[in-house]
Ligand code: GLN
């Protein structure tokens, strides 16, 4: 089993560490590879798009042809997880910030996202949320987006103060928070279990 982490920008190494720990917990032999180049995602069984700056990550994955590889994995029905900026990039539609910056999205997740949705006062915070299939979970939010609208095939996994912060559409997971920044690897384990 091979899991790729898109490594162009953002909290890449944290996802690699969390995925490795989750594989150990599940007693699964697997390889986790961070990549900045094309050719790795296409040979993987699953891919993670980390948090960071969505404009930057988007620009680099389209420039370096990693975006097309993510789309192919999606076509093949392989699991994809986007966290924070990664969620924004997976979305079909964004808010005016996404449009103004001409951030090109992958359009995989049938949702509309709003960038930096918690405002300046709450740039970064922790909150306990309830995640469907996981349970109580301490989530770390950093300049987090939210999901404003969801399509028919999208299941809402978690809300925080009535705002949607975790969704799943088939084997695609989108999280507004950062599971890689806590010691709790349950979300990474949940993701790995989706791999055939
Ligand atoms: N605010 C960032 C963006 O909109 C996302 C923040 C994050 O990934 N931690 O791109």
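Each residue's number is its place along the chain shown, starting with 1.
Cβ atoms are placed via backbone N, Cα and C, with glycine included.
Nobody curates TrEMBL annotations by hand; they come from automatic prediction.
115 is the residue from 36, 37, 63, 115 that TrEMBL records in the L-glutamine site together with 52, 53, 54, 142, 143. Under 8 Å, Cβ to Cβ, and six or more positions away along its own chain, residue 142 (L-glutamine binding site) finds 51, 84, 123, 124, 178, 181. Minimal Cβ crowding within 10 Å, among the recorded positions 53, 180, is found at 53. Comparing residue 180 (active site, charge relay system) with residue 115 (L-glutamine binding site), their Cα atoms are 20 Å apart once rounded.
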